[in-house]
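Here the structure is laid out as structure tokens; the discussion comes afterwards.
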Amino acid sequence: MAVTKRKLAGDQLDQYVSNANEVVNFKFVNSEKDVDDDSLAFKAEFTHQFFGESENIFGYVGLQVNMMYSACRLSPFFSMTYRERVKASKTGGIAADDVYKIICDKQEVEPSKDLDEFVSSLSQESSFKPLGELLSSFSIVNGGQKETYGVYRADSTTPGFKEYHLRMQTLILWFIDGASYIDEEDERWDYYVLHRHLEEDGKQFFPFVGYTTVYRYYAYPLNVRPRISQMLILPSYQKRGLGSKVLEIIVDWYVKDKDVLDVTVEDPSEEFTRIRDFTDCKRCQNLPSFSKIDLKKGFSQEMQDEAREKFKINKKQARRVYEILRLKNTDLDDDEEYRAYRLDVKNRLNIPFQREKLDLEKLQKNLSPEELKAAANQIPREQRMEQLDHSYAELEDKYKHIIERLILEIVN
């Protein structure tokens, strides 16, 4: 339903408008008893890729859209309920949104609408085995209970994986802002799938937890530069440190490859940036070049080289790791020490402004006063200093959150 048409209908149709973020529900089930377990349900986080920027669904009162997946095989099921549906005869021909068609057209996979058929298929869940090569398994304690997980690596040649990936990727549109499908025919894509290893009622299950895609870019002259594209951890498994574990395992895989130059990230979200910062800092804090004494001397070539050699960290990220670890080792009650740290970071933040200043000085030699005035649309120095202070304060706050987690990791 086009937004412009809805506006024409007037306020009397407002009762038929539902916020998709509030009414689209997800549930992953292993067996028939899970189907009616409401504690397993969670909301979609992003719906604009299906229902437009307004994220509204038109045509229903009391709407609930339910997307259910078999936890291991990811077979999808769709249902929806509502108290009332708008009648086109009373709205000038404006019909209710065909929610099922909208979802199918966008995610390119048609969920079943036959509940009996879906429930019957759940008997096959215990026969599912993860696809690809098991890179590593690990255990965590969650709510006092031990949980075991495994990371599996697959590519376009892995038997059965293309079909599984088609079902996997339907989830990213709901849970990663701005996510997009990839070309699974491209052999340069690597896939890292996280499964839980679960024993239930005497049977072994491998529920899907999340996945990460990595593209192997060429790097001159004969190297590879893997770029992490998208990472998904289902909401029901978040806040357990799983993202950091997965990232470590992925990086460890590439560290063993002598052709890999470093590992980069494509347009990281704030959440992924936090995961990456924590993971890289946790590893680099034990490297000789990142010792407390060396950190206070400033960012060095040794830090850059060792971070790349040991953990495939690129220069830009190595600098960020240095800033976080130096703050961690800075006495904030020591005015001189703290000031030295702030100046070091602000100098780095100020580099773009200094470049603009140098470019303007070059232009002065070649432009007329009128042309120079048009080109010199610069921010006043006082305003620039305010912006710099604000940028630094925001950055320090983010760094402190990483430091708190690093300290907590040591305590635990």
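Note: Cβ is positioned from N, Cα and C throughout, glycine not excepted.
What TrEMBL says about a protein is an automatic prediction, not a curated fact.
Under the heading domain 'Histone acetyl transferase HAT1 N-terminal', TrEMBL lists 16-177. Feature annotation from TrEMBL assigns domain 'N-acetyltransferase' to 185-257. Marked as site 'Interaction with histone H4 N-terminus' by TrEMBL: TRP189. The acetyl-CoA binding site annotation in TrEMBL covers GLN238, LYS239, ARG240, GLY241, LEU242, GLY243, SER244. Marked as active site, proton donor/acceptor by TrEMBL: GLU266. What TrEMBL lists as domain 'Histone acetyltransferase type B catalytic subunit C-terminal' is 276-327.
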Please report how many Å separate the Cα atom of GLY241 (acetyl-CoA binding site) from that of GLU266 (active site, proton donor/acceptor), as a whole number. 21
Near ARG240 (acetyl-CoA binding site), which residues of its own chain have a C-beta under 8 A away, given they sit six or more steps off in sequence? ILE140, ASN142, GLU147
I want to verify one value. Collapsing DSSP to three states, which class is TRP189 (site 'Interaction with histone H4 N-terminus')? strand
Give the distance between the Cα atoms of SER244 (acetyl-CoA binding site) and TRP189 (site 'Interaction with histone H4 N-terminus'), rounded to the nearest whole Å. 21
Which of the recorded positions GLN238, LYS239, LEU242, GLY243, GLU266 has its Cα closest in space to the Cα of TRP189 (site 'Interaction with histone H4 N-terminus')? GLU266
Binding-site residues (LYS239, LEU242, SER244), the one with most neighbouring Cβ atoms at 10 Å: LEU242
Once DSSP output is merged into helix, strand and coil, GLN238 (acetyl-CoA binding site) belongs to coil
Can you break down the domain 'Histone acetyltransferase type B catalytic subunit C-terminal' (276-327) into helix, strand and coil residue counts using DSSP? 40 helix, 1 strand, 11 coil
Where does GLU266 (active site, proton donor/acceptor) sit in the DSSP three-state scheme? coil
Can you count the other CB atoms that lie within 10 A of the CB of GLY241 (acetyl-CoA binding site)? 16
In angstrom units, rounded to an integer, how far apart are the Cα atoms of LEU242 (acetyl-CoA binding site) and the residue listed as 'active site, proton donor/acceptor'? 20
